[in-house]
Amino acid sequence: MDTTVPAAGRAAAPPRRPGALLAIACAAQFICVLDTSIVNVALPPMQDSLGLSATGLQWVVSSYTLTFAGFLLLGGRIGDLWGRRRAFLGGLALFALASLAGGLAQEGWQLVAARFVQGVGGAVLVPTTLSLITTGFTEPGARARALGLLTAAAASGSALGGVVGGLLTGLLSWRWVFFVNVPLGAVLVVAALWALTGRQPGSVRGRLDLPGSATVTAGTALLVAAVILGEERGWSSGPALACLVGAGASFTAFVAAERRAEHPVVPLSVLRVRPVTVANSLSALTGGVLPAMMFFLVLYLQQVLGLDPLTAGLALAPAAVGIALGAQVASRTIERLGPARLFQLGTLVAAASLFWLSRLEVGGSYWTDVLAPSVLAMAGFGAAGLPLTVTATTGLGPERAGLASGLLSMSRQVGSAVGLAALVAVASTGTASAGGGAEALTQGFGTGLLAGAGLQVAACLGGSALPRRTHHPA
């Protein structure tokens, strides 16, 4: 049972420098999300330099995703128990040191190992930054604006990974997609030591629930591994099926462990808080649509319109403006519209924009067929993301801010992995049915984007279960 209690007299002190705290949190979110895709453009020179096989290249990408998703819930809970300032600094140091190791790698296995560790650091850092914001900004309007900027920073990292990776690889070398995190990490550590004044203690007393932590981490990692192996070897392959079975067994063991735990990592009562469950479910449902859209558009620009990788990445960079705009408009209207209506408006804008994008043609125009609808889609994603963040992170109270942040981050990451794989599979089916060549590729991309629009419509319908008014914890 859940016996954790608020740590009397240890409430986190309000930030003396809220602007600095927000800037630090946004920068940390940006670099962690950026690293899910920054390596993609650098894979060919990595392969030449380190002699990586095709499987090795896959694991350079997947190892970060695997540990990042797997440890998010544990990372959030560590912030609650051990203190958010300490968790932030520890996660940031681990992330930066692993980045240094990745840049210095002389063998493929060294690079993959560094990516595994980098993912663990990111998994501690991301939910901790979110909980620092939700507990540090107590006034509802200020919290909404801060969460809007944090949402925009994370989504911009997802959108700009290819651009930043291409610039660093083209101007310097592939090693700088890792080295760039070292000075950034050092600056953020110094800034955090200055800005996060006070003890910034954890919010609950209790020991870390090791059985629960181990089983939920294993289950999440195995689920993501099943998706990775399913894409690579086929969904009926032995390794993919084994990971799925292992994930199911791990989650079953997790529920059993939490029923017996004195200090559960996820009190089962949390799953009965309807707004939190709905927000996390909708985050998982829509998590794969944005990365799938960027994936299809990058391939369309390169394989159909004939742009080189760097130019294609730069062509999509303006889309990040859309998500920043959408998130900021949402932060100023959520009190008036409420989470449910704002989320539904955002998903409808995204759905309409994805339908527009699904009508791509072989001789299409960048300005009207790619740029305009992608900016609008990103604005919709930004507007829809904020009410989910607000609902998921304020429904459990400040003493469980890390848990709430970890749950939300895990839902988004697992949804991203599963949703991206599903939409790519749909696109591949569309391409196969059209034969070959640019026409077939374009039809496949359109089919995948249309399926993404369908997910947004489904999410819009599900959004009616979100609260009509924002919840303000005492």
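In case you wondered, yes, glycine gets a Cβ from its N, Cα and C as well.
Any TrEMBL annotation is an automated prediction that lacks curation.
Outside the transmembrane segment (20-43) by six or more residues, the chain places 57, 60-61, 64-65, 68, 88, 92, 95, 99, 115, 118, 122, 125-126, 129-130, 132-133, 136-137, 146, 149-150, 152-158, 160-162, 164-166, 168-169, 174, 177, 181, 184-185, 188, 191-192, 194-196, 291, 309-310, 313 with a CB less than 8 A from a CB of the stretch. Look at TrEMBL and you will find 20-43 (among others) tagged as transmembrane segment.
Among the features that TrEMBL reports, domain 'Major facilitator superfamily (MFS) profile' is placed at 21-471.
The feature transmembrane segment is assigned by TrEMBL to 55-75 (among others).
Annotated transmembrane segment per TrEMBL: 112-134 (among others), in sequence order.
TrEMBL lists 146-168 (among others) with the feature transmembrane segment.
Under the heading transmembrane segment, TrEMBL lists 174-196 (among others).
Here TrEMBL flags 208-229 (among others) as transmembrane segment. Here the transmembrane segment (208-229) has Cβ contacts under 8 Å with residues 58, 62, 65-67, 69-74, 77-78, 81, 237, 239-241, 243-244, 246-248, 250-251, 253-254, 257-258, 261, 263-266, 410, 413-414, 417-418, 421 of the same chain, all six or more residues outside its ends.
Look at TrEMBL and you will find 235-257 (among others) tagged as transmembrane segment.
Within the chain carrying the transmembrane segment (278-300), a Cβ under 8 angstroms from the stretch's Cβ atoms is held by residues 37, 155, 158-159, 162, 309, 312-313, 316, 319, 339, 343, 347, 350, 354, 357, 360, 370, 374, 377-378, 381, 384, 387-389, 391-392, 395, 407-408, 411-424, 427, 441-442, 445, 448-449, 452, 455-456, 458-459, 462-463, 465-466, all 6 or more beyond its ends. The feature transmembrane segment is assigned by TrEMBL to 278-300 (among others).
Annotation source TrEMBL lists transmembrane segment at 312-330 (among others).
If you look up TrEMBL, you'll see 342-358 (among others) marked as transmembrane segment. Sequence-distant contacts of the transmembrane segment (342-358) (same chain, six or more residues past either end, CB-CB distance under 8 Å): 282, 286, 289, 293, 297, 326, 330, 333-334, 369-370, 372-374, 376-377, 379-388, 446-447, 449-450, 452-454, 456-457, 459-460, 463-464, 466.
Residues or ranges marked as transmembrane segment by TrEMBL: 370-396 (among others). With a cut-off of 8 Å between Cβ atoms, the residues of this chain six or more beyond the transmembrane segment (370-396) that come close are 130-131, 134, 143-144, 147-148, 150-152, 155, 159, 270, 273, 275-276, 278-280, 282-283, 286, 289-290, 293, 297, 300-301, 315-316, 318-331, 334, 338-340, 342-343, 345-354, 356-357, 360, 364, 403-405, 407-408, 411, 456, 459, 466-467, 470-473.
Annotation comment: TrEMBL describes 417-438 (among others) as transmembrane segment.
For the transmembrane segment (235-257), the list of distant contacts is 209, 211-212, 215-216, 218-220, 222-223, 225-226, 229, 264, 268: same-chain residues at least six beyond its ends, Cβ to Cβ under 8 Å. Highest Cβ contact count with the transmembrane segment (174-196) among the listed stretches 146-168, 312-330, 417-438 falls to 146-168 (criterion: pairs under 8 Å).
Counting same-chain residues at least six beyond the ends of the transmembrane segment (312-330), those with a Cβ under 8 angstroms from any Cβ of the stretch are 41, 144-145, 148-149, 151-152, 155-156, 159-160, 162-163, 165-166, 294, 297-298, 301-302, 342, 346, 349, 366, 370-371, 374-387.
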